[in-house]
Amino acid sequence: MSDRAPYDLGKVIIHAVALLLVLSYALPYLYLVSTALKPAVDVQQIPPSFFPQRLSLENFTSVIGTVGLPEAFLNSAIVAVLTTLLSLVIAVPAAYVSALYRRRLTMLFMLFALITRMVPAVSLGVPLFQIMKTLGLLDTTIGLVLAHTSTAVPLAMLLMAAFFEGVPKELEEAARVDGCTRFGAFWHIVLPVMPSGIAITALFSFIASWNEFLYALLLTSESSKTAPIVIAEFNSVYGLAWGPMTAAAVLYSLPVILVTLLLQKQIVGGLTFGAVKG
Amino acid sequence: MTERRFVLLMLMPAMLFLGLLVVYPVALLVYNSFFDVKLIDPASRVFVGLANYVEALTSKRILESAVRTLKYSVFALFFELVFGLGAALLFAAIARHSHWHRTIFALPLMISPIVAGLLWRFLLVGNIGILNYGLAALGIIPDPGAIKWLSDTDIVIYSVAAADIWLTTSFVALVSYAGLMNIPRDVLEAARIDGTNAINRFWYITLPMLRPVLAVVVVVRGIDALKTFDLIWIQTQGGPRQQSEVLSMNIYQRMVRYGDLGQASATATLFLLVMIGIAGLAYWKIWRADRV
């Protein structure tokens, strides 16, 4: 086992390169966090320094005090929660029959879900704006939830169908023999055995909505703006207020990063699956 | 209840919902594309036939933004594949010890493009962008003002891709890593014992066996890159002088700034058709390749 010897030069070089790669990959985000922790004046100093010379929470307090920003975070959370609930209610039954009652109609419908994932958001956004305007749903939470759900449903359907495919058909058949209705077998027997599949699908729907920008930009203007919209507006309203902007970006992205850290295996699994099926 | 009715009933909510919020909007989009119709007053419309399409296909700005979208996507995809595959090979080489490496690589997976764009704008921006100070300190560029990443019209469309490359390399790396782990060890080991060198092993064994995974990555990432909006929007809003305006942004501007719903719809319809065409072709190829 010569290539497992501790001082194999080739291995040492590979380890060093891998370490360097990972460090340089993490560097940009670390700089974002480090910048957010500087006093606002130090953020714009020339030349810039990677590490803060003084630590300060000034940027964070000013972000939290910014008119509209806490509300925007709250809006983002509300929209994401509602989107998640609505897409699960709609997608889970469809995914269930697609996986356990395979027939031409369900296959066609899954294909349609796949194609939907290719549609550029802007192509749907243009008519959605008009529809929401007609319905009086512009700049409302419901309007944005509906738009986000339209992208979350196909994603949730594809993910859930994959999870349901892991359920043996016999489980459903046994429940039916024991006198369950088809719906009873779905609701009382199959659903309770897959909490983790539902949780991962919920997480993907939540983050898809939490991160979404274009629909939010098109469909909201005042009262139901979400966090990314307000963060983007730091650009124009405050000139180059990099300090608060980096702090807001950290607040906006840190929860997502922590969740990724906790559920790394499941998320990579979900994304890999997403890659395979669309 | 018959099986047929049960299936229909379970599919019903999704069919109704997607019908209302995907199929109907697409129909409306196509319908609007045949009219001269303005955003402020969609009720008064004049049928113009294919005039919007003629305009879309002959407009210099739309054509340029389409070409730019392609340049951006190819550039971003190329580096994502090179870096992602490189990282995956490195991780595979130290397989048992790469757990933490992969954990750190996984962290950006779910970050919003808005954050990636904002972050890279901050790294590249004139005067305080730290990247140029780093490059100058290393002697790669003469002074920190030497490259104007986001204001030089010749390079801006490539500069804005840096954020995309940073954000998505992790996805490519982790998916490729999973693919690499699926290649049977003994095949590579046998080749090694037979005296095949590392480069040939990579070229004649690893790469062909990774082909299906890479094909999927190219399709998924390619489609994402062609659709890009937010990541570039937050960095440059399409500027300077529209030199980073991609197709999504062109359609958005056409509708929101100029209020030209008909024209925006025609361009968006063409965009949609091309995307579905590309996706269909790619899936057909992959699907067939999988079954040959």
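Every residue gets a Cβ built from N, Cα and C, even glycine.
Features as listed in TrEMBL:
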type	residues	note
TRANSMEM	A:12-32	transmembrane segment
TRANSMEM	A:72-96	transmembrane segment
DOMAIN	A:73-263	domain 'ABC transmembrane type-1'
TRANSMEM	A:108-129	transmembrane segment
TRANSMEM	A:141-164	transmembrane segment
TRANSMEM	A:185-210	transmembrane segment
TRANSMEM	A:241-263	transmembrane segment
Long-range Cβ contacts under 8 Å made by the transmembrane segment (A:141-164), restricted to residues 6 or more beyond its ends, are 75, 78-80, 82-84, 86-88, 90-92, 94-96, 98-100, 110, 113-114, 116-117, 121, 124-125, 128, 132, 135, 190, 194, 197-198, 200-201, 204-205, 208-209, 212, 215-216, 219-220, 224, 226, 270, 273-274, 277-278
Note to self: Before we move on, state whether the transmembrane segment (A:185-210) and the transmembrane segment (A:108-129) share at least 3 Cβ pairs under 8 Å, counting only pairs 6 or more apart in sequence.
What the structure shows: no
Per the Cβ under 8 Å criterion, with at least 6 residues separating them from its ends, the transmembrane segment (A:241-263) contacts 32-33, 35-36, 38-40, 43-44, 58-60, 62-63, 66, 69, 73, 200, 203, 207, 210-211, 227-228, 230-231, 234-235
